[in-house]
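Read through the structure below, which is laid out as structure tokens, and then see the notes.
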Amino acid sequence: METEEHESEEMDIVLSSMWPEDINEAGRQFNVEKPSADQDMLEEVTINKEPNIVDFKRLMELTNYSDKGNWQLANLIKNWEYKQANAVRLLKEEIDNLSKQQQEVELKKLEILEEHRFERDVYSGDKRPISILDENLKYLYQSAPRVKKDLIFEKKKVEIDAEYDSVVYWKQRGEHLEKLLEASLQRERVLLEKLQESIANLETQSSPVEELSQVLTRADNFLHFVLQNAPVVIGHQDKELRYRFIFNHFPSLGEEDIIGKTDVEIFSGAGVKESQDFKKEVLEKGLPAKREITFETELFGSKTFLIYVEPVFSKTGETIGVNYMGMEITDQVRKREKMAKIREEMAVQKAKETELTKTIHITEESMRAKQMLATMSHEIRSPLSGVVSMAEILSTTRLDKEQRQLLGVMLSSGDLVLQLINDILDLSKVESGVMKLEATKFRPREVVKHVLQTAAASLQKLLVLEGHIADDVPVEVIGDVLRIRQILTNLVSNAIKFTHEGKVGINLYIVRDPGTIIKQDSLSHSQDQSNASDKNAMPTLFKKYMQVGADTARKYGGTGLGLAICKQLVELMGGHLTVSSTEKQGSTFTFVLPHKLSTISDSSEELSDTDHQDILNDENDDDLSSGVFVFQPRTLGSLFSSQGSGRIQKLPPDSHGFQCSNGQTEDLSSLSPCSNVTYQETVSEEDLNGETSHSPQTCSDNNLNSDESCRFQPCDETSQTSVETHVVVTYDNRDRTNGSSECISSNKSPEIPKTEAKPKILLVDDNKINVMVAKSMMKQLGHDMDVVHNGAEAVRAVQSNGYHLVLMDVCMPVMDGLEATRLIRSFEETGNWDEAVKAGVEITDSPFSHSCPNSHLNEPRKRIPIVAMTANALSESADECYANGMDSFVSKPVTFQNLRQCLQQYLP
Amino acid sequence: MPRKVQNPPEFVPTDKCIAMDLKKMDTDSLNRMLLDRIQELERKGLVDHNFRQCYLLKEISSLTFFLDLIVVFLDDVHTVVRAMAKTLTQPVVNYDEMYSHHIKLKGSSSCIGACRIKDACFKIRHAIESNSKDGCLQVLNVVHNEYKSLHEQFDGVIKIERELVSRGTRQAS
């Protein structure tokens, strides 16, 4: 039995490739999932149609000649042989079984006979034979006879009513046994008949061809079942790539349209040729391959197929055609492409993000670095200003010549470092957007003149400084004069630094922009500068800390911040700074700034640059229109006077001292201060100080020589002394009093004591320490201050006294500095103290303008410079100060440095 | 005539020295001693250059300027610290009030050069901005300690300065 089962298992394995037979037309309607909507290709396919088109002749050929066909046939035959063998075996077994039964029957017969002879009937032949025909292979051999049931023996005991061992008994028993025997014989006959029948059946049932065709049909059915909705095309093409078989649900083409034709003959459009070539390739190479081909045909539009082509070989190994299978994957391709696109986008996005993060990181870093630099600079500035202030205080004491000289160097170096730190702070201010510009009326001519004058004053080279202002440049414009000055000064000092001979000049002209409706004129300042940088240095020119060459810094010094600041300032003001340069010829830095036109200038109105107009006469108007300033080399206020005088001797003998147009006297005085070096040189001639008042006289005598332009020409040797003396005086005055207005007055009327013109300063602070220190420092700087302790008092003080400058603490009891400033500004705008009264400040009746003795303070509602002083150094508090009308911002502690700056800025 | 700051100190001032009868010393020594004291304070980082600047202002202002300044300063700080402490004991802390106190403290200390108190003011400000009462108390404690140590140090300076002032006034009279 076991072996039988094993065998049957083996058979199962062998037969596993067989299709179940119960697949028929109805089987096709199995509940196969409908293809999704996107498989549109098959939408209209009807299953009823027999889609496969077969060239039978070819199939025969194939099965005859191709390896594959052979193999398939062999397989089928083998299969059939197995089945036959199996059937034979089964039959044999059946026969055995039957014969066994027969034997048993015989035996029984004998037993019965024996029983007749012996006492007891011991029949025990109840053995149920098992046929392998049942169960396992039932489906194959349904017609096999069911023998078993018939074979069951009845286990009947012979029952005889008659008395044992009587004749009747034996007779009855004999009859009974006879019947049994008959029945048994009957059964045997039936069995034999069935056996015959079965054998006949077997013979008729299985011929190889039938088997084969059965299998093929099943395979075909199954294929149809599986493929009925699949978007596939299966085909076979011969050597010439003519279709011999095609399975396709595509309904538009009939058999005759396809069989015997090539792809190219059937379709036209993109991809057809490619697929044809691909098939050829496979045919030639003899290796199966896959490829994705996108078709663009009239027949079925744009579709992408994944095509698998495998070559078919003949027995001799030649390729005789290709099997071809295509699957439509248009949607997948579309999805895939979309996916790829999305992935690509994501990658790009990611890259961008990382880039951005990097940039942010870098920006943060640089911001931090800048902040750090600014903080550092600020931190350095305070102690440094301490050093410089101390040195300055020291210089006021009695020192011998050598000490003074050393101190002079110390001061100038200190100033240099301070300048550098201020530059850095300026730069970071501009970059962080904290820098505030103010709009004030100013006279461009004067700015140019002053810049050149200042430059000329400290000039240590034989250079001519020129200023040309076009006639149409308005007398007054509105802008941030301080910053413009800073830019010009920076550019000019750069120019002087890098120019060895020739001239340095400022040209000022208007660039009119017809597009703008607003009255906005652009002033363009341009400046010539010999030498300077060569072309390849251009890109780095405006970069911070960049200098033309490594040796530049050594040769000329400087930090390389100047141009960067200029550029930033110009841009902040809405203009742009450009440079053009020719090596050995010079460079021109041009900047264009938009300016608002000032309303027609009132000659009596005061301007920051011309405080002294009231002193001047009507000739002052000449200055307003003069367009050319030339400053030629003059006595050099040099540390090494021998060098200076050596140069002077080279000058033409007919050169004159300062030649100024009328009205330039006061400028001369304000121009004259040379570097601290001059001071040092001249203090040694202290005894001259007494005679200083005469020197302006000399100067003004000379003034008459020129009338059109402001010309500063080298002095001749005779006038030199007086000029030098004059310089000394001016400088000395400046240093002590911090106001050039006094110098002017001394020029005009030297007899008037200087103290009379002392500006009035008000300090508003509740902090006693601050008041004490500030007052003491102010005293040192030559000024007295009034002090009040809160904003309300400040308002009252301003109301009753005219002040030239108010130093205002921000944080104060009763009324803070911001409100006080607001009230003062409100008065300046409206001319009344209503706001102050509203705020609860008691106002006395006398407005300050009447009480002010000084003529140029009598201007009613003149804007008083108010400088905030606060311990809160943060920028937002600076913003607050500016927003409330304060002009400037000084952070505590008060130092000589910031006091002096204030005084210089607001008390010219 | 400014003091010769650059000269190296000829002797190191100690408390013993201070304890010495100042009256027995001559004015120059006293001045030098005072400068040494100031230098010592600077070296210890208790004051910055502003302190010396304040000292130098005495020359221009008045004889008692420096002395007054220190006394007023100590008094000021004492007042402000007490005011701050009081503000902080309120059930609801008025941080605006704290802010103005801190500005005052910062102004005074930066002006005279008491840099450590000035630095503490930054911390107070930070605590105020984050509305942290604990932070304020903590920094206030720091300020108080700084004040105490500064007070001790200034005491020596005040003694010398007092002696100098009294001599100056005697001379003037």
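Quick reminder: no glycine exception, Cβ is built from N, Cα and C everywhere.
Between the listed ranges A:602-621, A:682-701, TrEMBL ties the annotation region 'Disordered' to A:682-701. Between the stretches A:88-115, A:256-283, A:340-367, TrEMBL puts its coiled coil entry on A:88-115.
With DSSP classes pooled into helix, strand and coil, the tally for the domain 'Response regulatory' (A:760-907) is 69 helix, 22 strand, 57 coil. Around A:Asp809 (4-aspartylphosphate), the C-beta neighbours below 8 angstroms that are at least 6 residues distant in the chain are A:Val764, A:Asp765, A:Asp766, A:Asn767, A:Asn770, A:Gly817, A:Ala868, A:Met869, A:Thr870. Regional average pLDDT for the domain 'Histidine kinase' (A:375-597) in the model is 72.
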